[in-house]
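Quick look at what TrEMBL annotates:
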ACT_SITE  K118  active site, N6-AMP-lysine intermediate
BINDING   D38, D39, A40, Y41, D42, S85, L86, E116, R139, E173, K299, K323  NAD(+) binding site
BINDING   C417, C420, C439  Zn(2+) binding site
COMPBIAS  646-659  compositional bias 'Low complexity'
COMPBIAS  698-715  compositional bias 'Low complexity'
DOMAIN    608-688  domain 'BRCT'
REGION    587-618  region 'Disordered'
REGION    641-678  region 'Disordered'
REGION    695-715  region 'Disordered'
Amino acid sequence: MTTPAAVLVDAAAYAVAVETATKAAAAYYATGESALDDDAYDRLARGIAAYEAAHPDEISADSPSGKVAGGAVVGDVPHTVPMLSLDNVFGGDEFTVWAASVERRIGRPVERWSVEPKLDGLAVAARYEEGRLARLITRGDGLAGEDVSHAIGMIMGLPDRLTEPVTLEVRGEVLMTTDQFEQANTLRTSHGGTPFANPRSAAAGSVRAKDRPYQVEMTFFAYAALPISDTGADLAASLAALPHGEVLTYVAGLGVHTTAGTTVPPRTVTDAEAVRVRVEEIAALRAELPFGIDGIVIKADAAADQLAAGSGSRAPRWAIAWKLPAVEKVTRLLDVEWNVGRTGTIAPRAVLEPVEIDGSTVAYATLHNPNDITRRDLRIGDHVMVYKAGDIIPRVEAPVAHLRTGDEKAIVFPEVCPQCGSEIDTSEQRWRCVRGRNCHVVASISYAAGRDQFDIEGLGATRVVQLVDSGLIADIGDLFTLTREQILGLDRMGETSTDNLLAAIERAKGQPLSRVLAALGVRGTGRSMSRRIARHFASMELLCAADEAAMQRVDGIGVEKAPTIVAELAELAGLVEKLRAAGVNMIEPGATPPSDDPAASEDGEVAAPGGPLDGMTVVVTGAMTGPLEKLSRNQVNELIERAGGKSSSSVSKRTSLLVAGENAGSKREKAEQLGTRIASPDEFAELIAELLDDSDSAADGADGAGGDSAAAAGR
Ligand code: IVH
């Protein structure tokens, strides 16, 4: 879909447009943040170009047209060869017109097109001397960039040493994957900083930051390589003669990261129609990618075609960026809601004028914490930039201050807990009701009863409200001492439903420690972390006795998380005791308690040695069928771990098996590329048949999952 160009009616409108675009480009290249979203910038830039075409004698010297980085200048290290930008097309028809113009220019059909994702990050040139990474330079204005060698070591995919002692420059994009972005934000906010607005500005800011007290991880993707002055003549000649696709294969062979290992590797195709098909494929995979792309780059693959087409001062004539719809949009902030979570945290949420981003309508976005609202000086009625891509929860980036009318209103912070009226503990960044998890008991009990925790069928939110309102329960512990008479006394509770509920509660007592832990809702842990903790400690007793050092021996718990978890468990001690007294299982079946020796204790984490998936890393994707059909993803992951395997959510070289159900998308493609073993849900069910029998019996009302002597010992 092509976005229309802005219409500039006169010289005054042109002057304003040039100033707005220049400021936005300068801000974008300095910090990665800008008051204009990509669509708006593109519309403005095309409006400026159209005005200039109609009024060639009025062109301003400040105009961004034809300049790399819209004329924003940064850096003083000259580039060996200019780092050019790319011209854009916004759809298939524009692409066809462009491709025909290239073929007209070179006087023959383009031999092959290379099609690859346009990575949404920061362009850098990495200079390798005799195989060692010597210097890292940003693109700057294309002619000279900034030396950012201090960032070497923080960027995955740019090795310190290549596999061969060659001298060359690798060019590519530095960005943050979704995981790296989350980690960087956790680190940054724990140091009192404002969360990064989006992965691109997080990478741009982090590559250039020199004096941060913390280090964040980023990822490099190479898209080009070229000789530098002392590159040997042989290598220089062969690099110049290689088709683009083979250049990428060559740098990947040297150990530099490219998109080759992703679900959207570079592909070469022979005609414009095949380009369109491949563009559609990449666009369809965009939402699932673990990194941001803002388009697709199409390049004439053969060196001879590139040479014949040549380059302009801003962009090569043999390559084009096919832009995808922007993942950032400007909309209005209508209100801020304050929601109390099940652990008592009070989180602000932005209510937005609904806006379509990346194929879905966004009406709410996260606002992190009150401090963050203050730091950003957000006001009700503001125009705000909203970011949403793939799996990332929509977030408000920043107010667009120059669009303010003066009618914006201050955001009112709650003075008491919006749920229960108690005081608010504001000592930490995240505010919390002083009653903690006792504040929103309905939410915490409903969560605890959920399918992946205690799995108490018949205990939905309405019933929990009834039980809480009638004073029968005040926490999850009280559930386990409810009597038949008490339940029968409730409205709309007959004998059968009462007995069913009591039976479900009785079954819940046998759930493994991992689920009891998940039900407690320990802050800083989710379902998979609860499983890891339970496997590591094997019993609630050992877990509750663990200090911070012992906690850090669990895979995935570091210095930041350990103190929170230890403090949370101390806060929960009374509730744990209540559960134990009521007969709830406190043991993880099949797990071995850690020994005192920290090195040996690692063994405690090895799941069910001798199980059918012993030592395997298993990823599950797509819809499960056959014997696995009724299981939640969490339940399938539990089975994997009980069978001795490790469950993981993404396919990598370390994945031993992919269980691919119906509609398995990019994970299956990636596994195929890597040659990973793939099993259907039925084949997998057969592999773990012995355990499936167990879990059936759990569902039928026997002991908890795995219901062995270890579980019984915990009663
Ligand atoms: S090729 C001479 N390939 O997009 C060729 N650029 O908007 C120039 N980019 O400056 C670049 N992914 O920073 C190329 N696969 C890719 C890319 C890519 C992202 C960036 C690059 C470029 C900008 C232009």
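All positions are counted from 1 along the displayed chain.
Cβ coordinates come from backbone N, Cα and C, glycine included.
Sequence features, as recorded in TrEMBL, placed on the structure.
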| residue | record | Cβ within 10 Å |
| --- | --- | --- |
| D38 | NAD(+) binding site | 20 |
| A40 | NAD(+) binding site | 22 |
| D42 | NAD(+) binding site | 19 |
| L86 | NAD(+) binding site | 18 |
| K118 | active site, N6-AMP-lysine intermediate | 21 |
| R139 | NAD(+) binding site | 25 |
| K299 | NAD(+) binding site | 25 |
| C417 | Zn(2+) binding site | 22 |
| C420 | Zn(2+) binding site | 15 |
| C439 | Zn(2+) binding site | 24 |
Report the recorded positions (D38, L86, K118, C420) that meet this criterion: Cβ distance to the nearest atom of ligand 1 under 6 Å. Use sequence order and write none if nothing qualifies.
-> L86, K118
Spatial neighbour of C439 (Zn(2+) binding site) that is closest, considering only the recorded positions D38, L86, K118, R139 and their CA atoms | D38
Cβ-centroid neighbourhood (8 Å) of the Zn(2+) site, C417, C420, C439 excluded = V340, G344, V416, P418, Q419, G421, S422, C433, V434, R435, H440
Express the predicted model's confidence over the domain 'BRCT' (608-688) as a mean pLDDT, rounded to an integer.
-> 86
Counts by DSSP class (helix H/G/I, strand E/B, coil) across the domain 'BRCT' (608-688) | 29 helix, 17 strand, 35 coil
For A40 (NAD(+) binding site), which DSSP three-state class applies?
-> helix
Say you check the Cα of C420 (Zn(2+) binding site) against those of the recorded positions A40, K118, R139; which is nearest?
-> A40
Between D42 (NAD(+) binding site) and the residue listed as 'active site, N6-AMP-lysine intermediate', how far is it from one CA atom to the other, in Å?
-> 16
Would you mind reading off the Cα separation of D38 (NAD(+) binding site) from K118 (active site, N6-AMP-lysine intermediate), to the nearest angstrom?
-> 14
Any idea what the Cα distance is from K299 (NAD(+) binding site) over to C417 (Zn(2+) binding site), rounded to a whole Å?
-> 57
Simplified to three states, DSSP reports C420 (Zn(2+) binding site) as coil
Please tell me which one of the binding-site residues listed here (A40, L86, R139) sits closest to C417 (Zn(2+) binding site), measuring Cα to Cα?
-> A40
Rounded to a whole angstrom, what is the largest C-alpha distance between any two of the residues D38, D39, A40, Y41, D42, S85, L86, E116, R139, E173, K299, K323 that the record assigns to NAD(+)?
-> 26
